[in-house]
Amino acid sequence: MKMKTLATLMLLVSPLLMVQSVQAQDNLHKQVELSELAKLPVKTIVPITAKTKEQAIAQAKVIAANADADLAEFRIDLLSFASDSKQVIALGHELKQILGTKPMIATIRTHNEGGQLTISDADYGKTYQAYLQQPFMDMLDVEMFRDQQIVKNTVKLAHAKKVLIVMSNHDFQKTPAEAEIIKRLLKQDELGADILKIAVMPQSKQDVFTLMNATLKVSQQSKKPLLTMSMGKLGTISRIATANMGGSFSFGMIGEASAPGQIDVTQLKQFLKTVQPTQ
């Protein structure tokens, strides 16, 4: 009788233990993944800039096969069907399967920040909520200046789904003052971002140094990985020098760039290796 009772108890308890074990592994996996990504050397990100499903799949295959591409960014706003969440989610899962172990960032870059999609704050939040119910991404790009409650809700749900947040801000017109860049990046940290991102447009050589100095100072104040860049040809050096200024990531391209100033990912990788500090 006691044996039967013990067996019954084990049957009831075992599933609970398994769930707890899986949850613990999920939490550990997330932490290890982020810490690994943040380690030197600087990791390269290559964008998927397709308009059609077929083009996106072809680009993902190229990225998957290229040893110099460490991560991929799925630029959803560039798709001809970007407003169709069902199609986007289905394609996202296909792309992730193709990329295998290479992490994928899912991004809706809105028109206000240099992207192709015009979308209200409410729809922006609903769209990301839909994605996160069937997560196909390892990381989700969230623009910091969307409605703050929507940003907070998205961060909360993403973390519950074991998805990392790349919080971002883009200025395609100018480079803000150094203090303002620092303020924005630290605000992203405060909002719960896992990776802090800002991209600005230089109007002078001094602007490029402004971005790099801000990056260095934030790296000394925050433990979060940084993804910063000064765009355009003038700012190209910042994509390489980030290795010495506290940055953890840099965008390269295979074929078509997603922002001005991106260089071929193989060239970028070589440049990064050349200037990469040893510690």
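Glycine is no exception: its Cβ is also placed from the backbone N, Cα and C atoms.
Residues or ranges marked as signal peptide by TrEMBL: 1-24. What TrEMBL records for GLU73, PHE74, ARG75, ARG109, ARG239, SER258, GLN262 is 3-dehydroquinate binding site. Annotation comment: TrEMBL describes HIS170 as active site, proton donor/acceptor. Marked as active site, schiff-base intermediate with substrate by TrEMBL: LYS197.
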All-chain count of other Cβ atoms within 10 Å of GLU73 (3-dehydroquinate binding site): 23
Where LYS197 (active site, schiff-base intermediate with substrate) sits in the secondary structure, as DSSP reduces it to three classes: strand
Residue pair ARG75 (3-dehydroquinate binding site), the residue listed as 'active site, proton donor/acceptor' - Cα distance, angstrom, rounded: 15
Chain-internal residues near the residue listed as 'active site, schiff-base intermediate with substrate', provided their CB is under 8 angstroms and they sit 6+ positions away: ASP141, VAL166, MET167, SER168, ASN169, GLN188, LEU226, LEU227, THR228
The residue listed as 'active site, proton donor/acceptor' and ARG109 (3-dehydroquinate binding site), distance between Cα atoms, whole Å: 9
